[in-house]
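For reference, the structure discussed in these notes is given below.
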């Protein structure tokens with residue numbers, strides 16, 4: 001017979017042939033109780049001197065025996081070399097999976113040391129084999145009470161929060177997802193809901209495996225197991241043979257799939273079937289609990305282990321204190337073990353026992369009165385189970401010795417009356433009931449998430465407003481931040497542009513386009529490092545009572561358009577008798593504290609002459625005057641239709657014609673434009689417009705010094721010009737001046753005609769010069785001066801900046817009591833033949849600073 005083979009005999013005494021190769025074990029009958037004791041051999045001894053102590057072997061028909069494929073090795077060692085090393089204990093442990101299941105690195109097989117006994121039991125586990133416990137044996141009674149109280153308090157506080165949310169309003173299906181989503185918002189609700197769904201799905205499989213393992217442990221004939229002995233207790237070998245068994249993985253899979261299919265049939269039957277089946281799971285569990293407590297009070301019985309002393313004050317005192325120690329990965333106490341148990345580790349071990357508080361809320365859709373049932377059921381269950389845990393700690397602390405608590409993992413089954421089978425049934429039904437809860441709650445939770453249409457794969461348009469707690473927190477934070485800003489002026493270092501975009505003051509747009517697309521693009525260009533807020537405003541002429549619903553519809557359209565253009569801002573629609581009155585209301589009331597708009601942005605009314613819109617000049621002048629009085633900056637965009645979008649890269653220069661002090665707003669706008677991809681390849685040129693007698697070099701040096709202090713890179717050019725000339729001077733600038741001169745002559749002619757008509761009307765009606773019902777003062781010499789200044793400035797712009805990407809120029813304020821028509825003629829002459837221009841007027845404060 002080859003090394004490693006064990007012979008067996010049949011009932012008729014005929015020897016059973018051994019397998020041809022490798023290590024093989026004789027099949028053992030279901031009633032066999034066999035221990036083959038092997039001791040290590042001394043050097044020089046032969047295999048024939050090995051002693052096998054066999055007791056009580058009665059050959060029976062073979063039962064299922066699973067042999068790992070790794071044992072199928074060919075061993076051709078001679079008989080003289082046969083040693084006990086061929087039956088290495090460590091390698092067999094690896095075969096059984098006790099190390100690989102725990103993730104421990106598998107080491108090479110090693111042989112037993114001299115004098116060490118190794119026992120291998122094949123077949124049924126021994127009835128008295130110890131299974132190691134942890135909490136009661138290590139923590140002691142008082143720390144176990146603290147542990148249970150702590151975990152129960154955590155669960156109770158969570159239950160109170162759950163009850164508060166559940167009683168705050170009507171609750172639909174979805175359980176914790178619905179509660180958390182409505183309280184903290186859809187983002188948090190979906191995140192936690194999906195995790196909870198996956199957790200329930202995985203927990204269902206874990207519960208099924210727990211039931212299957214308990215069943216296989218209670219009915220050994222239903223499984224194929226391999227058993228290993230030589231278990232250590234407190235670091236020393238036990239006097240009697242100890243047994244550790246590992247069920248076959250295939251048994252767990254097969255039985256687990258069968259049980260899962262049966263549970264799925266119950267779930268498919270609906271809530272009514274589940275409610276009918278529920279008592280079949282609950283009643284045996286309650287009965288098993290009763291049997292445990294009856295067994296505790298009548299212990300010890302005649303067949304009880306020595307460690308069960310019955311309820312004893314002496315045992316209670318011995319178990320009062322803690323005695324933590326190390327164990328290996330299988331839970332066996334070992335001084336050299338890799339796991340050290342302390343209070344924190346026991347919290348992690350015990351806490352899952354108190355995490356079933358969502359069982360009621362998972363079935364929220366099936367509850368008749370969720371506001372009443374969830375709080376009462378959840379809190380009552382939490383208090384009841386916590387009290388039972390505390391009571392059990394006290395009873396079992398007085399029932400068994402510390403060694404028994406450490407070694408008997410199912411002590412409840414050992415002491416239960418009338419037999420341990422009752423507890424096995426209770427454990428199996430309890431885990432199956434928990435699995436049924438998971439299989440019931442997980443699909444409902446996923447269905448509730450799908451019904452809300454908030455997942456990207458289900459609904460492209462992301463998440464409804466449920467009035468969640470985060471929105472309330474954001475609101476409170478915004479109010480607190482707004483109060484902290486106060487109403488004082490913000491330091492230039494903290495100044496941000498908050499533009500008010502005047503969407504449709506003039507210009508014809510389709511009815512379904514609430515704002516000029518390029519105006520929205522320009523609003524994005526005004527953001528400082530992508531930060532800031534824009535307010536998009538449109539005015540509807542008419543009566544508010546008649547047009548209130550139209551205003552709401554227009555506001556929704558404008559808000560949708562803002563989101564489409566990816567502009568960070570809000571939409572406002574104002575109904576007013578006229579555009580001037582509506583804008584005056586906006587500029588006075590819009591915003592809160594320091595979050596009021598500080599820049600008014602609108603397009604230049606280029607169509608007023610072409611469309612013969614005679615009301616535009618007075619409205620345009622009124623808006624500018626209102627901005628000046630309200631201390632708001634103004635940016636007027638000329639050539640809005642030609643303004644580049646985000647994909648049209650510009651080259652050349654950004655030219656600034658700095659005429660008056662504006663607090664640095666023009667410089668800031670030029671820097672903001674450079675931060676955008678459209679203008680990042682451009683360079684800045686600063687043109688300083690000065691009087692004829694100004695020292696140009698000194699002015700240039702001062703401006704360059706100022707720009708250097710601001711860390712702005714720009715070329716400085718000083719242009720001198722006369723403020724007023726009574727006659728046209730000869731031009732030496734070539735063709736560009738010819739274009740300006742023609743526009744200048746046409747403007748003179750139109751102003752002269754308009755002024756003559758005003759005088760005729762005043763003489764005919766016998767009143768002073770009037771325009772739009774207001775008295776005006778006309779100084780013809782001043783008119784000529786303004787017109788000529790705009791002509792000279794336009795000529796200079798065409799001379800130096802005809803090819804510029806964009807031109808920025810200071811906005812002259814409308815003269816007091818001056819006809820609005822004349823001011824529009826000045827502005828038309830200023831912007832003549834310039835494709836893109838920003839007309840900028842700052843306000844009485846600085847928006848840039850060179851101080852750190």
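Note that Cβ sites are derived from N, Cα and C of the backbone, with glycine treated the same way.
Heads up, TrEMBL stuff is auto-annotated, nobody curated it.
TrEMBL assigns the feature transmembrane segment to residues 373-396, out of the candidate ranges 301-324, 373-396, 397-420. TrEMBL assigns the feature transmembrane segment to residues 254-274, out of the candidate ranges 233-253, 254-274, 422-442. TrEMBL assigns the feature transmembrane segment to residues 281-299, out of the candidate ranges 281-299, 452-470, 471-489. According to TrEMBL, the feature transmembrane segment maps to residues 339-361, out of the candidate ranges 109-131, 339-361, 500-522, 523-545. Cross-referencing 33-59, 60-86, 141-167 with TrEMBL places the feature transmembrane segment at 141-167. Each residue in the domain 'Amino acid permease/ SLC12A' (133-462) has a pLDDT score, and their mean in this model is 82. Residues 308, 310-311, 388, 395-396, 399, 412, 415-418, 422-423, 425-427, 429-430, 432-433, 436 of the same chain, all 6+ positions outside the transmembrane segment (281-299), place their C-beta atoms under 8 angstroms from a C-beta of that stretch.
As a quick check, the transmembrane segment (141-167) and the transmembrane segment (254-274) miss the bar of 3 or more Cβ pairs under 8 A, pairs 6 or more apart, so the two do not touch. Across the domain 'SLC12A transporter C-terminal' (517-638), DSSP classifies residues as 58 helix, 29 strand, 35 coil.
Taking Cβ pairs closer than 8 Å, the transmembrane segment (373-396) reaches residues 136, 141, 144-145, 148-149, 152, 155-156, 159-160, 162-163, 166-167, 171, 289, 293, 296, 311, 316, 353-354, 356-357, 359-361, 364, 367, 405, 411 in its own chain, all 6 or more past its ends.
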